[in-house]
Amino acid sequence: MHLEDFPMDIQKCPLKFGSFGYTTRDVLYRWNPARQVAIADDMKLSQFDLISNPADNRTDFLKTGEHSMLLVSFHLQRHMGNFLIQVYGPCVLLVVLSWVSFWLNREATADRVSLGITTVLTMTFLGLEARTDLPKVPYPTALDFFVFLSFAFIFATIIQFAVVHYFTKYGSGECYFSADFMSDSESDEEEAASSPAVHMRTAVRVQPAAAAAATATAQTHRLSLQGSRSSRRRRHKPRTPRFNSVSQIDRASRVVFPLLFLTINIVYWCSFLSRSQRLHGRQ
């Protein structure tokens with residue numbers, strides 16, 4: 001059996017009828033054109049579909065001479081439904097699940113690492129379980145390629161988070177507040193602008209007749225401001241909430257990873273399915 005295309009493979013099972021005691025000089029075997037190979041209509045196989053059964057007359061050359069043979073070959077195509085449900089579907093879901101970390105906060109280290117490790121371990125168990133019923137062959141099969149492809153994408157997700165976390169410089173992963181401090185000169189200007197002393201000085205310029213009274217009142221108010229300024233050296237603006245910005249690597253990964261996975265899947269399925277079709281065409 002050739003299992004390079006497993007589970008999209010087509011197996012050929014030849015069956016020969018003949019005599020090794022008599023050569024072609026003694027007996028010749030020929031198929032009856034009217035009655036060659038009859039297959040029951042209700043025959044079903046659990047893992048294969050019988051797609052064709054070509055028959056032929058052959059002559060084998062052995063040490064004892066030429067021997068007439070009847071050959072019938074059963075071409076069996078493997079069912080893929082079981083593997084789609086148990087291997088291919090879970091592999092795709094695990095890869096998509098690993099992409100959830102691209103939408104998590106880039107400083108949620110515990111969440112993203114635990115998600116990545118869980119998907120890697122699950123993918124490892126799934127890959128080992130997929131080869132349980134497979135014969136021990138020394139070469140990789142089509143199923144092994146897909147499992148390795150899925151594992152590589154999940155592992156790349158963890159590497160991507162390591163890169164994102166390396167360039168994360170601030171914040172705690174949650175909404176935090178920042179208070180902007182005003183300098184003493186700015187606070188003095190704002191207090192002076194909001195105080196009635198400014199209006200009083202303006203009033204001094206407008207009404208020269210009341211200059212003496214206005215000057216005395218302004219000096220009294222200025223002394224009271226200087227006394228209160230010593231207890232409030234720095235004033236805070238209202239605290240405004242700020243959020244950590246989304247990493248540009250995460251933004252790009254949300255598009256690059258799905259497109260790359262979709263492209264590789266198209267190449268994978270077209271390649272192996274076309275190989276099976278070429279094999280079918282040669283039968």
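Note that the numbers count up from 1, one per residue, in the order the chain is shown.
Each Cβ is built from the backbone N, Cα and C atoms, and glycine gets one as well.
Note that the structure is a prediction, hence the values are computed from the model and not measured.
According to TrEMBL:
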type	residues	note
DOMAIN	1-80	domain 'Neurotransmitter-gated ion-channel ligand-binding'
TRANSMEM	83-101	transmembrane segment
DOMAIN	88-169	domain 'Neurotransmitter-gated ion-channel transmembrane'
TRANSMEM	113-130	transmembrane segment
TRANSMEM	142-167	transmembrane segment
REGION	218-245	region 'Disordered'
COMPBIAS	230-240	compositional bias 'Basic residues'
TRANSMEM	255-274	transmembrane segment
Would you mind listing the long-range same-chain contacts of the transmembrane segment (255-274), meaning Cβ under 8 Å and 6+ residues beyond its ends?
5, 8, 95, 99, 102, 142, 145-146, 149, 153, 156-157, 160
Chain residues in Cβ proximity to the transmembrane segment (142-167) (below 8 Å; excluding those fewer than six residues from its ends, i.e. six or more beyond):
4-9, 83, 87-88, 91-92, 94-95, 98-99, 101-102, 106-107, 109, 112-113, 116-117, 119-120, 123-124, 126-127, 130-131, 134, 247, 249-250, 253, 257, 261, 264, 268, 272
